[in-house]
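Copied over from TrEMBL, here are the features:
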SIGNAL    1-17  signal peptide
DISULFID  CYS82-CYS93  disulfide bond
DISULFID  CYS87-CYS103  disulfide bond
DOMAIN    104-161  domain 'Kazal-like'
DISULFID  CYS105-CYS140  disulfide bond
DISULFID  CYS111-CYS133  disulfide bond
DISULFID  CYS122-CYS159  disulfide bond
DISULFID  CYS165-CYS275  disulfide bond
DISULFID  CYS283-CYS299  disulfide bond
Amino acid sequence: MRVWIVFLLCLAGHAMAAPTEETIEEDIIAEEDIIAEEDIIVEEPVVEEPEVGANPVQVEVGEFDEAIDIFEEEQVLADNPCLDYHCKKGKVCEVDDDNTPMCVCQDPSTCASAEGEFEHVCGTNNATYDTSCHFFATKCALEGTKKGHKLHLDYIGPCKYIDACLDSELSEFPLRMRDWLKNVLVTLYERDEENNLLTEKQKLRVKKIFENEKRLQAGEHSLDLLAHDFEKNYNMYIFPVHWQFGQLDQHPVDGYLTHSELSPLRAPLIPMEHCTTRFFEECDADSDKYIALEEWASCFGIKDQDVDKDLII
Ligand SMILES: *[C@@H]1O[C@H](CO)[C@@H](O)[C@H](O)[C@H]1NC(C)=O
Ligand SMILES: [Ca+2]
Ligand SMILES: [Ca+2]
């Protein structure tokens with residue numbers, strides 16, 4: 001159960017680091033890249049692989065470092081057109097002969113080397129990369145090829161043997177996940193006095209859950225109790241399941257989760273919960289590689305008539 005608490009912190013950290021202007025800007029540029037590189041045939045838009053495995057500590061340190069870099073560069077290279085030009089992960093900015101900035105694939109050898117195993121990542125090709133920088137630089141070099149299209153960041157940490165997920169174990173997964181999602185939201189609600197992690201509408205919904213005395217408190221619960229609570233307090237789970245979907249459905253906001261969009265949730269979880277991969281695979285009931293809101297809700301036991309797109313915004 002400790003796993004879920006650690007995970008809670010990870011996600012809370014991610015949510016707090018959430019949608020910044022920078023991310024939006026990166027997306028716009030990512031789209032420009034696609035237009036500029038029309039000669040490369042891609043079957044679907046190349047989307048930004050979101051930051052994975054961010055915990056509150058890493059996020060703070062990382063942002064601090066970046067702030068210092070920018071400050072120093074501003075003084076030295078005030079007229080460098082790359083300064084305010086953001087490239088998506090795996091690319092870096094370079095200027096061409098006309099001093100126009102453009103994004104090119106980063107040479108993996110320019111990535112900072114890992115400070116420990118915890119920085120390694122495992123690709124869907126079951127190859128370990130030193131850091132996510134190495135992974136995205138390598139993926140960039142394969143852009144436009146079938147191999148590159150299929151390659152995704154699978155999970156945080158070096159590749160390892162992962163036990164097969166048994167049917168009985170698979171059925172336990174949504175029980176715990178649902179309970180966890182509800183607790184993440186309540187925790188955000190409790191912390192969210194002024195920093196607006198939740199919108200007013202969302203707060204009202206979570207307030208109802210928070211103030212419900214019958215609510216199962218966060219902590220270790222037997223699977224029987226979790227199952228019983230879901231049956232008895234089913235309504236309390238509807239919003240948390242929708243909310244998580246909305247958190248992930250960002251690139252683009254279209255009611256479908258791609259592999260990349262799911263990554264912030266999957267990647268830290270897989271090494272700890274061996275049913276993660278199978279759960280999300282089966283969640284894509286029609287096997288079109290996207291998890292639609294209806295598919296997502298149904299994986300978590302939400303009835304069809306309670307699936308509501310308006311709950312997400
Ligand atoms: C992936 O690589 C790890 C470590 O090299 C190995 O133990 C594991 O069996 C591999 N998994 C698969 C599915 O090949
Ligand atoms: Ca989407
Ligand atoms: Ca699907």
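The backbone N, Cα and C atoms fix where each Cβ goes, glycine too.
Features as recorded by TrEMBL, highlighted on the structure.
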{"residue": "CYS82", "record": "disulfide bond", "DSSP class": "coil"}
{"residue": "CYS87", "record": "disulfide bond", "DSSP class": "coil"}
{"residue": "CYS103", "record": "disulfide bond", "DSSP class": "strand"}
{"residue": "CYS122", "record": "disulfide bond", "DSSP class": "strand"}
{"residue": "CYS133", "record": "disulfide bond", "DSSP class": "helix"}
{"residue": "CYS140", "record": "disulfide bond", "DSSP class": "helix"}
{"residue": "CYS159", "record": "disulfide bond", "DSSP class": "coil"}
{"residue": "CYS275", "record": "disulfide bond", "DSSP class": "coil"}
{"residue": "CYS283", "record": "disulfide bond", "DSSP class": "helix"}
{"residue": "CYS299", "record": "disulfide bond", "DSSP class": "helix"}
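Put simply, CYS122 is the one of the disulfide-bonded residues CYS82, CYS87, CYS122, CYS140 whose Cα lies nearest to the Cα of CYS283 (disulfide bond). It is CYS140 that, of the disulfide-bonded residues CYS105, CYS140, CYS165, has its Cβ surrounded by the most other Cβ atoms within 10 Å. With respect to ligand 1, the disulfide-bonded residues CYS103, CYS159, CYS283 contribute CYS159 as residues with a C-beta closer than 6 angstroms to one of its atoms, given in sequence order. When the disulfide-bonded residues CYS93, CYS111, CYS140, CYS165 are compared by Cα distance to CYS103 (disulfide bond), the shortest distance belongs to CYS93. Distance noted between the C-alpha atoms of CYS299 (disulfide bond) and CYS275 (disulfide bond) is 13 Å. Reduced to three states, the DSSP call for CYS93 (disulfide bond) is strand. Reported as a whole number, the C-alpha separation between CYS133 (disulfide bond) and CYS275 (disulfide bond) equals 27 Å.
Each of the disulfide-bonded residues CYS87, CYS103, CYS122, CYS159, CYS275 was scored by other CB atoms within 10 A of its CB, and the lowest score goes to CYS159. Model confidence over the domain 'Kazal-like' (104-161) stands at 96, taken as the mean pLDDT rounded to a whole number. Less than 8 angstroms from the CB of CYS111 (disulfide bond) sit ASP130, THR131, CYS133, HIS134, ALA137, each of them six or more residues away in the same chain. If you draw a 10 Å sphere around the CB of CYS133 (disulfide bond), it holds 20 other CB atoms from the protein chains shown. Same-chain residues at least 6 positions away in sequence with a Cβ under 8 Å from that of CYS93 (disulfide bond) are, in sequence order, CYS82, TYR85, HIS86, CYS87, PRO101, MET102, CYS103, VAL104.
Within 10 Å of the C-beta of CYS299 (disulfide bond) there are 20 other C-beta atoms, taking all protein chains into account.
All protein chains included, CYS82 (disulfide bond) registers 18 other Cβ atoms within 10 Å of its own Cβ. Between the alpha carbons (Cα) of CYS275 (disulfide bond) and CYS159 (disulfide bond) lies a span of roughly 16 Å.
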